[in-house]
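Notes follow the structure.
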Amino acid sequence: KKQILHSPHLNVIYTEYKLEAVWPLPQTFISSSEQYRLNPQTFYFGYGMQSAAQPGCTVLDSAFKRYFSLIFLDLTSGSVDKPFSVEISVDRDDCDGYPSEDSSEKYNLTVSAGRASLNAQTVWGALRGLESFSQLVYQDDFGSYFVNKTEIEDFPRFQFRAILLDTSRHYLPVQTILKTLDAMAYSKFNVFHWHIVDDPSFPYQSRTFPDLSAKGAFHPMTHIYTQSDVRRVISHGRLRGIRILPEFDSPGHTKSWGKGQSDLLTPCYNGGIPSGTFVSSVFPDSYIHLGGDEVDFTCWRSNPDVRAFMQAMGFGGDFTKLEAFYMENIMNITSALNKTSIVWQDVFDYHERIPKDTVLHIWKGVPAKIKEELSRITKAGMRVLLAAPWYINHISYGQDWRNYYTVQPQNFSGTEEQKKLVIGGEVCMWGEYVDATNLMPRLWPRASAAAERLWSDEQQTSNVDKAFPRLQEFRCKLLRRGIQAEPLYVGHCKHEYQGI
């Protein structure tokens, strides 16, 4: 499927680095040692004559500016070189829309003398191709820029490739979130799962229920996300082809809600829960995460009103039935808003009646248990996301990225139809011990190991040792782009982190 042409004139290390310089690895990658010199003075991006998108397309216009700066990090230019153009053509003009679950990210990229042509069905695919092109460009020891003759045909293996950040246990400044979105684009992640509120704090400022953040945030002025902050995150994500998926986790994990909204949850929690409608008008994505995990029944058990309600409903003493009743109601509200629910696996483990289009999120269990759960959920015809093997807030000494790289999301007993119901995976960064001081090095480049697993062909990327020098090189690229990615092992980068 992939052919690498080696040149006898170049030493092996140089050749391997140059010719497999894209992370995550494209589906088909043919490259040669024929190199073309680039000069920032005579390099430009443009739209193809046949392209459905033309100048004025916000997503691509801003991408051209961004990638020019990423490719030419220092504007050294030698003698006047021949011009080089990168011509982009897309089949659909989706410049003003948002990426969605159905958006194609497929692209073809051909680099030859004097020009590169990038073809994609959508602007989102064009963004992925621009990222690949930017990674193909390299500098020699004298600072001159080059790109090699290359052909790439590429598309993601899984449609849903997510990073979760938790902004309740520690508040993350908006700038930190935006930088995470930048780094996600470099690894071709396409969903930002914003676990925005939880027990410790409620930083989301709701127009409908302003007291939720006024009383539930760590600080009502400095530690909140205003509507304008949320719009910035959504817009920044959109321009990078990243969907913003908010999570308002209930009925557990809601302690902070109760400070601002009385009488809406069990008095033992002294908590509150709004209907969810206010969320739907703020976040444009068609998915919303409703949580549903780790519900502690102790409070419900202690409350006479709750027990009386359960008797009246015929639930007896089975609190899982009460949770099922709650989750079914909230999922029906979500369906009525034309949104698709994502819920943690607990909801499936406890309940039968959940809408067929609900996506279930596997977050717990040892490998054997995870495989069982994958079989069980897909057998019921439900779509599933895998997060359990990628809880990278857990850290250990050594190269734990190797474990994330060798995960096989479709390795469970089931039919081909069942395997297709695994729509992707998610890297989770829970925030008990993480804030803006250590988020970046803890997340990168370890998350990039999962990124290749979710994007690339499994057969072509099954060897961890072969991946190692490529990931090391990619980590150096991240440093050069101002991302504080931690080292994978002993070594150095040509451009060390400069604290940009």
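Glycine is no exception: its Cβ is also placed from the backbone N, Cα and C atoms.
Unlike curated entries, TrEMBL annotations are predicted automatically.
Per TrEMBL, these features apply:
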type	residues	note
DOMAIN	22-136	domain 'Beta-hexosaminidase eukaryotic type N-terminal'
DISULFID	Cys57-Cys95	disulfide bond
DOMAIN	158-266	domain 'Glycoside hydrolase family 20 catalytic'
DISULFID	Cys268-Cys299	disulfide bond
DOMAIN	279-457	domain 'Glycoside hydrolase family 20 catalytic'
ACT_SITE	Glu294	active site, proton donor
DISULFID	Cys476-Cys493	disulfide bond
Can you tell me the mean pLDDT for the domain 'Glycoside hydrolase family 20 catalytic' (158-266)? 89
Please work out which residue of Cys95, Cys476, Cys493 has the most C-beta neighbours within 10 angstroms of its C-beta, and give that one of the disulfide-bonded residues. Cys476
Most crowded position, judged by CB atoms within 10 A, among Cys57, Cys299 as disulfide-bonded residues: Cys57
Among Cys299, Cys476, Cys493, these being the disulfide-bonded residues, pick the one whose CA is nearest to that of Cys57 (disulfide bond). Cys476
How big is the Cα-to-Cα gap, in Å, between Cys95 (disulfide bond) and Cys493 (disulfide bond)? 37
When secondary structure is assigned with DSSP, how many helix, strand and coil residues does the domain 'Beta-hexosaminidase eukaryotic type N-terminal' (22-136) contain? 31 helix, 35 strand, 49 coil
